[in-house]
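Engineer: My questions all concern the structure below.
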Amino acid sequence: MPTIKSLVQDAVLRLRLSGVEGPRRDAELIVGHVLGLERASVIARGDDPVEPAAAARIEALAAERAGRRPMAQILGRREFWSLNFKVTEATLDPRPDTETLVEAVLAVIGLRRWQALRILDLGTGTGCILAALLTECPAAKGVGVDRSAAAAAVARENMSALELGGRATIVEGDWCADLSGPFDVIVSNPPYIPEADMARLAPEVRLFEPRAALTPGGDGLGAYRLIIGQVGAVAAPGAIVGFEVGIGQSEAVAALMVAAGLGPVTIRPDLAGIGRAVLGRAPG
Ligand SMILES: C[S@@+](CC[C@H](N)C(=O)[O-])C[C@H]1O[C@@H](n2cnc3c(N)ncnc32)[C@H](O)[C@@H]1O
């Protein structure tokens, strides 16, 4: 019968041959996922035998990872803002970079976090941004919108699992088209990768994450143009409007916001020093 250690070693080899970065970490996580063990136990219990059915499941998941399926889809989960989110093929895998937007918005909200704020998250995906903000703003209520019915269903599940279902409404829709405001805080991490950059993405992203979550086509700014043109209709006077942006897009998005009367704007860098969140305010 194979052991935990031998299954890890086989998986590491397989992942390394496929060019997966950090193959040992992923192999140990896959083995732990199937056996219901923390990674530390996978390492500590290397000599334990593994039943054939579990070994076969480990080999199947290692094969999927070798085919470059992202770990979040294999494990079905991803942590964001210290909260646990279900992730599927219909949703973007929440990125650490996106926590920059949450931090930036919370910094502007300040002590208003105790008020009954109305929060709108456009392109909610797993619901990670909205859930993080609702967790930090305990009296707030929020609406998350996604054009993908499958993503909206995942966001609903996540809100329920995080016990935020009573304060979060998830709707299927096209940006602000079917919404009635007003909202005090409007956030979005829209698809922003320029069409020309799509071919250069890692296989995990290019082959497995939903295209509609990655790119609006063209120069990558199309979703910002649409949303910025629409938010005025649903924003409360003085509402905070915040976007995540891609590398090199902060100045262009800031200019679009200023032109639409959402200035003055501030740009917040991520941990790598890249302008990652652009924040402005609705008039009033
Ligand atoms: C970059 S993902 C962000 C997901 C999530 N907010 C996050 O930060 O991880 C963009 C999301 O926008 C959604 N989306 C794309 N076009 C849309 C539209 N016209 N209206 C509403 N949502 C849209 C996609 O389905 C996707 O879930």
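Cβ coordinates come from backbone N, Cα and C, glycine included.
Quick paste from TrEMBL:
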type    : residues                                                       : note
DOMAIN  : 7-76                                                           : domain 'Release factor glutamine methyltransferase N-terminal'
DOMAIN  : 115-218                                                        : domain 'Methyltransferase small'
BINDING : Gly123, Thr124, Gly125, Thr126, Gly127, Asp146, Trp175, Asn189 : S-adenosyl-L-methionine binding site
BINDING : Asn189, Pro190, Pro191, Tyr192                                 : substrate binding site
Engineer: I'd like to know which of the binding-site residues listed (Gly123, Thr124, Gly127, Tyr192) lie near ligand 1, counting only a CB under 6 Å away.
Structural biologist: Gly123, Thr124
Engineer: Whole-number Å only: compute the distance from the Cα of Pro191 (substrate binding site) to the Cα of Gly123 (S-adenosyl-L-methionine binding site).
Structural biologist: 8
Engineer: With DSSP assignments reduced to helix, strand and coil, which class does Gly127 (S-adenosyl-L-methionine binding site) get?
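Structural biologist: Where Gly127 (S-adenosyl-L-methionine binding site) sits, the three-state DSSP reduction gives coil.
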Engineer: Could you please provide the mean pLDDT value for the domain 'Release factor glutamine methyltransferase N-terminal' (7-76)?
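Structural biologist: Its mean pLDDT is 97.
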Engineer: DSSP says what for the domain 'Methyltransferase small' (115-218): how many helix, strand, coil residues?
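Structural biologist: DSSP composition of the domain 'Methyltransferase small' (115-218): 38 helix, 22 strand, 44 coil.
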Engineer: Cβ neighbours within 10 Å, counted over all protein chains: which one of the binding-site residues Gly123, Gly125, Gly127, Pro190, Pro191 has the most?
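Structural biologist: Its Cβ has the most other Cβ atoms within 10 Å: Gly127.
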